[in-house]
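Note sheet for the following structure.
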Amino acid sequence: MSMHIAIFGGGQLAQMTAQAGISLGFTFSFIVGEGEDTCCVDGLGNIVVFRQGMDAEALFNALKKPDVITVEKEMVDTTLMAALQQYTRVSPNDQSVYLSQNRIREKNFLRHHGIPTAEFEIIETQEQLESLPQRLGFPIYIKAAESGYDGYNQWRIQKQEDLSQVLLSDDVVLIAEKHIEYSREISVIAARRVDGDIVYYPLMENRHEDGVLISTIAPAPQTVKILEEGAIAYMETIMSSIDYVGILTIECFDTEQGLVVNELAPRVHNSGHWSIEACETSQFENHCRAIANIALGPTTTKGVGGIVNMLGKHGRPEDFAQEGMFYHAYGKEERPRRKLGHIAVLADNHMDVIDKLNKVLVFLYKGRYKTL
Ligand SMILES: Nc1ncnc2c1ncn2[C@@H]1O[C@H](COP(=O)(O)OP(=O)(O)O)[C@@H](O)[C@H]1O
Ligand SMILES: [Mg+2]
């Protein structure tokens, strides 16, 4: 069955989704903003530039009437998404994307469903800002409620003086989060089909440096059953309560009290890139399957997988021409901290995967980031 899928966004997530979908016989269009770089998706389908004032009907027609519209990012106009639903299926729906666009909405939603999150406050006055440590202790995470990602628009406050870096303004709502004591960061990915079927990927263990994902190992080492069951229960609750369709990612902290949820991403996720080589069905393929409402593929692993992100500067592909290593470059130009690609690894066991990830870290970063 051929289907035409339109994606809001034209970055590497759209690229890898289209690559997976094209193998299924689907065709793609990408909706980008004026002047947006399309290097990741050039050659993979039509590119439609969304111009101010364009309405849902005009966009739907410019896209040549896609069978389904999806997103590769959170920051999409959800009013437009809702209006597009009169013309075609939009998966995930506008409500799911709306929830994830704002940390306050997201946390309130999670708490409403009994899912633990960090304690937080919305910062409204200078006095409240200065007295945060009395209530939340140190460190404190101050984050823009909207438009923050990869550690941008974020401060980690370790002492009273650091608070002077934080400027309150009428334009940006800030929240303060209490520090969560965690042993590691875990993400959970699942795909839910239009008809409600769900498949889960194994839990993933992630390491961040300066607020950016640097490496993932999957399945997460030493995962006890109860942790996995907790993750599945959260996922089921969230997905069914908002009638979620597509891949959903939940970022969590692994704590002594179980998983505490940090963020939701209504899309395929950087921590799931290992699934291209290490799973029967990648997150990208299952996203396409879910939104097309065709049978989801098995998420069985072929071994232990992992990735290291290639940030800021390209590595030399020949360094990674080794068994069980896979070099992915997204076609972007180098820029500090920018995600330019990733190196995936696949091995029979965790020790060998960690060994390979460490080699990759050294090749790419030459000691700048510590090994695992
Ligand atoms: N409340 C918290 N307690 C402990 N660590 C945190 C907390 N909030 C954020 N972090 C750290 O900062 C990283 C980035 O924060 P996150 O909320 O995920 O923002 P982003 O949208 O930039 O990914 C997290 O992955 C984690 O390492
Ligand atoms: Mg995050």
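Each Cβ is built from the backbone N, Cα and C atoms, and glycine gets one as well.
Nobody curates TrEMBL annotations by hand; they come from automatic prediction.
Database features (TrEMBL):
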| type | residues | note |
| --- | --- | --- |
| BINDING | ARG103, LYS143, GLU177, LYS178, HIS179, ILE180, GLU185, HIS208, ASN262, GLU263 | ATP binding site |
| DOMAIN | 107-292 | domain 'ATP-grasp' |
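On the structure: features taken from TrEMBL.
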residue	record	CB count, 10 Å
ARG103	ATP binding site	24
GLU177	ATP binding site	20
HIS179	ATP binding site	17
GLU185	ATP binding site	20
ASN262	ATP binding site	22
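The maximum pairwise C-alpha distance among ARG103, LYS143, GLU177, LYS178, HIS179, ILE180, GLU185, HIS208, ASN262, GLU263, the residues recorded as binding ATP, is 19 Å.
Mean predicted confidence for the domain 'ATP-grasp' (107-292): the pLDDT average there is 95.
According to its DSSP assignment, ARG103 (ATP binding site) is helical.
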